[in-house]
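Per TrEMBL, the features are:
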type: TRANSMEM; residues: 150-170; note: transmembrane segment
type: TRANSMEM; residues: 182-201; note: transmembrane segment
type: TRANSMEM; residues: 213-233; note: transmembrane segment
type: TRANSMEM; residues: 245-263; note: transmembrane segment
type: TRANSMEM; residues: 275-293; note: transmembrane segment
type: TRANSMEM; residues: 305-324; note: transmembrane segment
type: TRANSMEM; residues: 330-349; note: transmembrane segment
type: DOMAIN; residues: 475-576; note: domain 'Sensor histidine kinase NatK-like C-terminal'
């Protein structure tokens, strides 16, 4: 294209002037010389292109997608597009990345002239290629892209709020948990600074700053995102970065940013537009190999989060080259799409992890509750034993009075009175013994507790259990299985309208390193089965948790649970590996 330095050939009416030289587009004018001097990065100029044989029956337009400088485009002297404020005074240049398009109807001439007037404070001219397009198609395409942009931005925004909520729900004693929402905020800010979105936020968020003036902020956010990758890698992947590594990368990015700020823009445009963006991603390269070599330390869902971050980094990498004109195809949505996917993946992984934490918390809370119940059952059982012991002590204390009374009645020959006295004494001192079911203290206390409850409710309780004193399974797990099974049996019997039909039968024994448990009880023939699971009716908050926890514990040991019912008797059977621990007496 013909290049006219410091001339606005249409606006100033200099269309007949000869060009200073011909220039490739896209390209930077600061890579060219006039009178032996390199052209500066800032300034204004015109580009002229002659088109031969162009014809189109409908209005057309010419525009420059995602271009950061101010420009005007003329087709045969008629305005086709404009963006920002073009001025021959540097202080009067104002850049807006969104262009206004106007329809131009081509004449019947075989030759058409396209003139582009450009003014910039830092970008050295047409570093992006102009596009000739049907006007209506251009408007429709722009509307479609705008719709896609805001849908994707809405996705980013929702992912950001999800991560904030997850952070608020997480345990605050882990300071590293703040990095995911912090990075999400920077990603959102980085998106707002792109040519795709800046014009939308320019007046409301960025105080109407010229787009070119925010370029330094955009690079600062990019550098900050790269540096925070250290903390994200530690948070998501448990990959440790030493203090020396952190300081080294901090100094590295500080130096690169100072180079970007202090190197003259024309020198940067000539030599650093490719090199500096590559240098920005040194940490990503280092982190990639660090995570790869320590992949066996990845937490659950870590691999998914890792590839999500790779996608986000790829989006930043593509955008760094696209906005500098080093990638010619329209890749404006690439970063937005990839960062959206990255944040969605991070939100999903964080949600899955926090759900796992709360699930573990619920299990721990349930185990604590079962431990409390176990202590309560043991206390009640031992209280009953203590009561019998006190009764025996009382009988022993009064024994000498009873013996004296018996001796006198014998001496007097009052055998009828003696017989009545002994019958009354026997009835008074007759205490029903507390049965001892097995050697295992936990199992015996649970069986004893429910035996007492069954006796109070008038429910026959039969028990044939032989559970060893020491088992490989934990006391909590044994309490969950046996306690829930007997509690469900008690509930079913209590709900039965026919008292004479009530009964509970429990059997348990260890055989061939297997613990076998069988609980039978009468029930009213009604069962609450939902999605193949048995549910109780006693409490909506804990409905179905008993059977679920029995199944979870048994299956955790590699066993199985089976339930049978015939309308009158419900039978629960469980079998799972459980060896007997050998203990030595010291």
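Don't overthink the numbers, they just go from 1 along the chain as shown.
Glycine is treated like the rest: Cβ placed from N, Cα and C.
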I need to check the long-range neighbours of the transmembrane segment (330-349): which residues 6 or more away from its ends have a CB within less than 8 Å of a CB in the stretch?
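Result: 65-66, 145, 148-149, 152-153, 155-156, 159-160, 162-163, 166, 180, 184, 187, 190-191, 194-196, 236, 301, 304-305, 307-309, 311-312, 314-316, 318-319, 322.
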Given the cut-off of 8 Å on Cβ pairs that are 6 or more apart in sequence, determine whether the transmembrane segment (305-324) and the transmembrane segment (150-170) share at least 3 such pairs.
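Not in contact, no.
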Please give the sequence-distant neighbours of the transmembrane segment (275-293): residues at least 6 beyond its ends with Cβ less than 8 Å from one of its Cβ atoms.
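For the transmembrane segment (275-293), the sequence-distant neighbours (Cβ-Cβ under 8 Å, at least 6 residues beyond its ends) are 222-223, 226-227, 229-230, 233, 237, 239, 241, 249, 252-253, 256, 259-260, 268, 306, 310, 313, 316-317, 320-321, 324.
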DSSP on the domain 'Sensor histidine kinase NatK-like C-terminal' (475-576): how many residues come out helix, how many strand, how many coil?
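Grouping H, G, I as helix and E, B as strand yields 35 helix, 37 strand, 30 coil.
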Could you tell me the mean pLDDT the prediction assigns to the domain 'Sensor histidine kinase NatK-like C-terminal' (475-576)?
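Its mean pLDDT is 84.
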